[in-house]
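**Student:** So TrEMBL has the following annotated:
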DOMAIN    85-129  domain 'PAS'
DOMAIN    158-210  domain 'PAC'
DOMAIN    242-375  domain 'GGDEF'
DOMAIN    384-638  domain 'EAL'
TRANSMEM  50-71  transmembrane segment
Amino acid sequence: MSVSSRDALRTAFLYGLLSVLWLQVTDHLLNSYFDDSAQLAQWQLINGYVFAFFSAVLIFFARARLCGFLGMSPGLKRQRQDQERLRQAAVVFDCTREGVLVSNSCGVIVHVNRALVEITGYTAEEVLGHRPNMFKSGRHGPAFYQAMFKSIDESGHWHGEIWNRRKSGEIYPQWQTVRSITDNKGQVTHYVAVFSDISAIKNSQTELARLVHHDPLTDLPNRLLFTDRTEQVLASSQRHQTGCALLMIDLDHFKIINDSLGHNIGDQLLRAVADRLQRIFGKGFTVARLGGDEFAVLVDNCPQVTQAAAFAQQVLEVMKGAFEIDKHQLFISASVGISVFPSDALNAEQLLRNADSALFKAKSTGREGYALYTEELTAHAQYRIEVASDLRRALEQQELRVYYQPVHDLPTSRLIGVEALVRWEHPLRGLLSPGEFIPIAERTGLIAEIDAWVLEQACWQMVQWRAAGVELSFVAVNISSRLFTRPELYTLVSTVLADTGLAPALLELEVTESAVMDNSKVALEQMHRLRALGLRLAIDDFGTGFSSLLRLKQLPVQKLKIDQGFVAGLPADNDDVAIVRAVIALGQSMGLQVHAEGIEQVEQAQFLLDLNCNLGQGYWFGRPMPAKDLDWQRAPVIRA
Ligand code: C2E
Ligand code: MG
Ligand code: MG
């Protein structure tokens, strides 16, 4: 039983006892003192009033005690609620993960919670009695704190990000809310600061920013960051009237490594290339990976083209050493395109585009070299765009023509086949040769339509010749490397053969050596599928690619076409003689037909015949011409 309930019982007991005593004693005294009954009755009435008065007083006190016992006193009730609220607040205060600091109106810390101790590393004793500036990191200037105090003074609160220092010395970001507490008169009595440690959020933000701006494979800046830096460098170059250069680097034949050794080795090689580039380019340079096997370097303070070219030369040199990757010794060369600011371009986008054009030039002039962007190159690019749109129209308006060039059997000198070669009868520029539009068609993707059209025309023509009794063994059609590895080629060829009714054995497809080697796995599969249709396959411009003998042996081809570049040197150039001799021997040993193109003189035909070359094609036999102009009887005498 509680103290208050015992008091209430005691009071009730005392009240009862006193009431009985009072009534007994007063009744006895009045009876013995007054004989007169009227007087006695009067005094008994007075006694009754006195008793009632004392009873009222006693009941008042007893009731107060009873209310206290039952907890019914409003003051006490409020007090009890306040106590409960305080107890709850204390639990929240202690359990919350946010640090809480209470300071008095003079700014002296009077209370802290457990989270503050955990976040700051200080004990409560080390903090109490001090001022919050003991946590200052030094990262914010006086203006920051002035603005903070001004906000608290004016609005009673402040919130924002603030960098503070832990006991360990480490500085870290907090999200903090400060609020002032006032009394009834509006006087500030305390300040409460609640804060959370947001270093984890900040770290993930930084990590996110890093991922957005860096290439995950090499950790180099990516295209986004590179473009941004280029813009900054250009702005600073403009201010300081200096120049800068952009080098765009592309690895030559990287695809072969990826396809033959797998993407894992390819990735490791890209990382190793990134390391080498970073080693030669130190501070003042930004090395980036723009994607795939394309890298870029931004050279600050480099106004001279010759200086930029020297850097490009360095890139080519550093690539020369073997890359040791996973027990493989890999060699890879690079091509570099250079564009300089301000002479070549006036903004970052232009600089990047021009370096890319220069890179294209470097690639098309034989790779493993560098090329500079010039005005002439821009004009070339514009020309390419015009031709591309013109070419689309040409296809629709049937301005393309197929010419046929005779192919002769060297031992008999007889015409035994033809090669279909496309021409463009341009309404303004006259007859254009494929060299003027095929490379553009390849870059724009139009080549697939052109090749499909030529294939269809050539097959129809062959069917007509055969129907007219012309004894031709084959019609050869060139297939662009762009189209060769695509699955739709198979569908196209089989449809054309079915539509025209041409015997597949009369069709020969020519594909260049590099098309086969650049994407060897896919190309090999395609070749097997096409061969299964019953047609013949030839490798065009043989000797200009990088075929390995091993790879060549795996290819299901029937013919090698010696590139005209080697035939041109016959019979005087010893190197050309050696190469042609080797190709013929190679073809024969592998059971392949050997076909020489570009024969312009009888001596060349004689020489090739002596080496047992099977077939010959060239201006000496006949130029490419419209189908109707072919002379089937022509058999020029090779040996007098
Ligand atoms: P290619 O397939 O190697 O064709 C042989 C090229 O050498 C032809 O050039 C031909 O006119 C030329 N030529 C033939 N004999 C001689 C000669 O004695 N001396 C010289 N200097 N040249 C000779 P053309 O017709 O200009 O074709 C060039 C290239 O364009 C072709 O080389 C081929 O790669 C490509 N091409 C032609 N037509 C097509 C086509 O329909 N589709 C595709 N994808 N490419 C084609
Ligand atoms: Mg050809
Ligand atoms: Mg050729």
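Cβ coordinates come from backbone N, Cα and C, glycine included.
TrEMBL does not curate its annotations; it predicts them automatically.
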**Student:** Can you work out which residues elsewhere in the same chain, 6+ from the ends of the domain 'PAS' (85-129), have a Cβ less than 8 Å from its Cβ atoms?
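**Tutor:** For the domain 'PAS' (85-129), the far contacts come to 135, 164, 166-168, 174, 187-197.
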**Student:** Across the domain 'GGDEF' (242-375), what does the mean pLDDT come to, as a whole number?
**Tutor:** 87
**Student:** Please spell out the DSSP helix, strand and coil residue counts for the domain 'PAS' (85-129).
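**Tutor:** DSSP classes over the domain 'PAS' (85-129) add up to 22 helix, 10 strand, 13 coil.
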**Student:** Per DSSP, how many helix, strand and coil residues does the domain 'PAC' (158-210) have?
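**Tutor:** Helix, strand, coil within the domain 'PAC' (158-210): 12 helix, 30 strand, 11 coil.
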**Student:** With helix taken as DSSP H, G or I, strand as E or B and everything else coil, how many residues of the domain 'GGDEF' (242-375) land in each class?
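**Tutor:** DSSP classes over the domain 'GGDEF' (242-375) add up to 58 helix, 38 strand, 38 coil.
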